[in-house]
Amino acid sequence: MKIKAISIDIDGTITYPNRMIHEKALEAIRKAESLGIPVMLVTGNTVQFAEAASILIGTSGPVVAEDGGAISYRKKRIFLANMDEEWILWNEIRKRFPNARTSHTMPDRRAGLVIMRETIDVETVRKIIHELGLNLVAVDSGFAIHVKKPWINKGAGIEKACELLGIKPREVAHIGDGENDLDAFKVVGYRIAIAQAPDVLKENADYVTEKEYGEGGAEAIFHVLRVSGYMDF
């Protein structure tokens with residue numbers, strides 16, 4: 001099937017380990033865009049961050065933010081959830097673990113809770129969710145713990161973004177490096193894991209890059225362009 005769009009994670013996928021954008025990934029993204037392939041940034045970060053990144057990087061596709069809970073395209077934002085139970089959870093976590101802290105981006109978030117992973121581990125968060133009987137899931141992105149409704153994930157966000165583009169999710173190639181990219185892998189037509197990704201992501205990928213971080217992201221994009229016939233091998 002012809003790939004009509006590329007969705008790609010930001011942190012660890014088009015960046016250096018220190019989260020600075022990698023110039024080779026920028027080059028690859030702009031090559032895809034020049035060939036008429038819209039690139040969609042998909043991130044656990046806020047929609048405001050994703051919108052700004054899209055402008056600076058030069059992507060034309062929708063942005064999928066907050067792990068799939070927020071989509072922005074052509075100055076229109078769509079939110080797929082609210083945060084009622086997330087705040088119940090956070091209040092309980094703070095009682096038990098006073099040193100736990102959320103991301104500094106929380107005031108801008110509308111679809112999920114982000115807890116800094118160095119202050120509490122994901123299994124503890126999952127245990128508290130279970131004890132409270134909350135309809136929430138906790139996922140470790142490698143940078144933070146994302147807590148959200150079960151139906152909020154990168155796959156759901158990509159499906160909504162595809163509606164806006166007028167294409168099918170199976171016409172998208174997704175590139176990522178974290179556990180939270182698994183749901184994206186379930187809906188797209190082609191799946192690429194970056195070299196430093198966890199084994200569970202690599203096991204579900206069609207292709208695993210040789211390079212890590214932003215160099216791997218660039219390798220992945222050029223691989224998609226070649227296997228889809230947009231570039232020669």
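For all residues, glycine too, the Cβ spot is worked out from N, Cα and C.
Residues or ranges marked as Mg(2+) binding site by Swiss-Prot on the basis of sequence analysis: D9, D11, D177, D181. Counting only same-chain residues at least 6 apart in sequence, those with a Cβ under 8 Å from the Cβ of D9 (Mg(2+) binding site) are V42, T43, I175, G176, D177, G178, D181.
Residues annotated as active site, nucleophile in Swiss-Prot: D9.
Per Swiss-Prot, substrate binding site is recorded for K154, and the stated evidence type is sequence analysis. When other Cβ atoms within 10 Å of the Cβ of K154 (substrate binding site) are tallied across all protein chains shown, the result is 30.
In the shown protein chains, 31 other C-beta atoms lie within 10 A of the C-beta of D177 (Mg(2+) binding site).
Ranked by how many other Cβ atoms sit within 10 Å of their Cβ, the binding-site residues D11, D181 place D11 at the bottom. The distance from the Cα of D11 (Mg(2+) binding site) to the Cα of K154 (substrate binding site) comes to 14 Å.
The record gives D9, D11, D177, D181 for Mg(2+). Within 8 Å of the mean position of their Cβ atoms, the other Cβ atoms in that chain belong to I10, G12, T13, V42, S141, G142, I175, G176, G178, N180, I194, A197.
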